[in-house]
């Protein structure tokens with residue numbers, strides 16, 4: 001059969017990395033990315049891009065760990081290369097602090113990040129309101145540069161990219177053999193997934209180059225994540241809130257909370273406010289589906305619903321989705337061989 005035509009819907013970190021993995025595993029494919037928005041206007045552009053996993057209640061822990069490990073290994077190699085600054089990837093050390101002792105002593109990802117250990121008493125003196133903490137080194141993606149770097153690699157591999165809103169996957173039938181749904185929160189409408197809900201996140205991007213260590217409150221609501229040029233201060237988790245306009249009261253609350261963790265931030269300058277809608281589900285939807293309409297079939301691979309943890313697992317889930325696309329191609333080739341017979 002002719003080279004299979006694959007359309008990836010969505011151009012956030014999940015869509016771009018899935019397209020790249022498809023090109024790496026199925027190089028004879030023709031891959032096209034269709035998205036209403038590209039960087040710098042995606043949800044991924046708002047994300048802090050810290051590799052600290054969020055747990056998906058309905059996904060087995062060993063699967064989540066594998067996704068995280070694959071992502072960490074992939075980004076660690078980039079951070080050790082000449083492309084690190086262009087890709088916006090760097091190592092950052094810091095602390096996760098707790099007001100109450102956490103239920104689990106060791107998170108499932110503790111042996112994937114570097115140098116994970118309990119904080120010393122001397123370190124905890126910096127955080128008088130907290131009882132305990134964990135120190136480790138992880139990776140951070142500065143999101144707009146990373147998305148640009150992915151786009152550059154995709155273009156070099158011959159991937160086409162078009163700005164287009166896809167309202168129904170059936171629009172693409174006939175032009176493409178396989179559709180990969182990486183629409184993020186857009187999947188709520190695109191495939192009518194009522195299990196997918198927005199969790200609104202408001203963050204501040206500030207200039208405070210003296211802050212070098214990340215600090216994350218154990219509840220995950222307050223965090224300080226230093227990037228190459230700016231620091232991300234967060235945040236909020238507002239379930240089923242679709243509002244994309246910043247809230248001034250929330251901005252003040254985030255800034256006050258972060259300053260209580262790191263008082264030197266009172267001197268931060270050039271404060272920009274960003275809002276994104278995390279595509280939240282009890283588990284990432286990563287599966288093949290054959291849609292059928294009047295005897296006509298449409299092969300679909302879903303890869304969406306990563307919530308707040310997309311950057312931490314993006315490469316692992318992209319590899320798995322690319323494997324599912326490979327299975328679809330094998331099925332297509334099998335059916336075309338039978339047709340010839």
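Counting begins at 1 with the first residue displayed.
Quick reminder: no glycine exception, Cβ is built from N, Cα and C everywhere.
What TrEMBL records for 1-19 is signal peptide. Taken from TrEMBL, the feature domain 'FAD dependent oxidoreductase' applies to 5-322. For 43, 44, 166, the entry in TrEMBL reads FAD binding site. Annotation source TrEMBL lists D-dopa binding site at 223, 278.
Recorded features from TrEMBL, shown on the structure.
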residue : record              : Cβ neighbours (10 Å)
43      : FAD binding site    : 25
44      : FAD binding site    : 30
166     : FAD binding site    : 19
223     : D-dopa binding site : 24
278     : D-dopa binding site : 24
Longest inter-residue Cα distance for the FAD binders 43, 44, 166, rounded to the nearest angstrom, is 19
Distance check, please: Cα of residue 43 (FAD binding site) against Cα of residue 278 (D-dopa binding site), rounded to an integer number of angstrom.
7
Write down the Cα-Cα distance for residue 44 (FAD binding site) and residue 278 (D-dopa binding site), rounded and given in Å.
9
